[in-house]
Structure formats: structure tokens, C-alpha cells
């Protein structure tokens, strides 16, 4: 049987290693990621609940915050339960289709999160620079259209990538040296050249992240100019503090992780895998904490609900 003529028929599942070279510490790794998962679910769940239930949180920024909470919960749920089964239950096998569904969810949610962060930056720009037109510009229809555009962009990015990886012929080892079905770790198991999918990922991620960061930088530059030019109090600008914190927390590890995995041969494999895992789990844990601590409205709504 020639695997190039009958691609993807050699086996029906992959085997996830977990964290290469740290297989001897499954209990510790499991506790670490399980704790992160619980914090992420509870924190984002509470934020989403107060945004849905509290009528005073119907403005666009809290709608975007609710979207961010949903994306974060989908992101961690797509990887951590399976990671825990690898660490604690020694259940390392993942079905062929399940692997690609996980890959699709992980990478589409990362694109979606970047889009929501851009939308939040634009929201802050309009709120501070054009406060009288805020309600007119960001009405419910516009917010819904922005949300739809974020989802469509994520799908347009992921559908071709998923197609490229699923169409590769897999006839080598089925052991994925990763904690989840990271697309490059899976593509490297193919008998064909995986570089096109790798180049597509780097180019696509760089384009999406680069555009979003550029627009975010312009938004905050104009906010700063407005605050200084009109001699507004720094209290107006301080409302952006939590958004900037979340953006740094998301973009810095993400950019480092993407480029380390594709271009750095000096970083050990287990360090690359841990960095990729933390890039997906750490922001989802800390986002609701940052917003709860820094945003008075969210904090008051949570206390009222409790």
C-alpha cells in the first residue's frame, strides 16, 4: 500500500507525548494545568455571567469582554481535558478527526482573541476621543457585525490551514511530541513536505497579529494624544490599563512561541512545548482576574451577584 496514493489510511489516531523529556512528572504537570483550567473556567464563567445578567453592563466594551470570556473558555477546554488524560490517566491516544478538530479550535480561538482585543482598543478610542458619538457609532448592530467579522476572519484563516494539514499523507510515526495537536508538530509526521503549511501559518499569523497590533498601537496613540492635547485627567486614560495589560499578556508570549517553534533550533523541545501550553492557558487564567481587579463596574457586578 503506497501511502502517497492512499493518504491518511496508515492509522486512525495519534499519540500525544505531553511534554517531551518531562514525562516523569505527570502528576505535577497535571496539577499545574488542572489548577489553571479551574481558575480559567471559574473566572471567565463569572465574568460572562455578570455581563449577561447585569443590565448595567450592556455597553459595547462589556459585550466584547463577554466574547473574550467565551473564546478563553473554548480555548482551554479544547486542550486541557485531553492533556489531563495524558498526564493522569495515561490515555495518550487521540482520534484522527478529534486531533484536527482540536487543532482547528486552538488556532481559530487564538485568531478570534486577537480580533476581540483589537475591537476593545477601538472601543476605548471612540469612548475617549469621540465620547458624544460613542452610542451612535457603536450601536448593537455595529457590535454584532464586529463580532461576526471576528468569527469569519478566524474561519477564513483556519479552513485553508486545516485543509493543508489534513491532506498530507501520514505514514511515519504517529507520536506527536506535544501536549495537544499543534499543527506543525502533526505536519512534521507527514511523508510529504510540511513546509507549505508552516509558511502559511507564519505568514498568516504575522499578518493577523501585525495588522491587529498596528491598529491597536494607532488607537492608543490617538487616545494618548487626546488625553494630553485636551488636558484630560489621567483617570480617563487609566481605564485602558487593564486592556493594555491583557494585550501584552496575550501578544508577547504568543509571538515568542510562534517564532521559536518555527525558527529557533537552540530552544529545547520541552521548553517550546511548555511555552506553547502556557501561551494558551496563562492569558485565559489572568484575563478575568485583571478585569475584575482593574474594572470597577465588573468588580461591583460580581459583588452584587455574590
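Backbone N, Cα and C define each Cβ position, glycine as well.
Keep in mind it's a predicted model, so treat the numbers as computed, not measured.
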Which one of 5-27, 143-165 shows up in TrEMBL as transmembrane segment?
143-165
Which range, 29-52, 173-196, does TrEMBL list as transmembrane segment?
29-52
For the transmembrane segment (236-260), find every same-chain residue at least 6 residues outside the stretch whose CB is under 8 Å from a CB in it, and list them.
110, 113-114, 117, 120-121, 124, 127-128, 201-202, 205, 209, 213, 216, 220, 223-224, 227, 267, 272, 275-276, 278-279, 282-283, 286-287, 290-291, 293-295
Determine the mean pLDDT over the domain 'G-protein coupled receptors family 1 profile' (43-291), rounding to the nearest whole number.
85
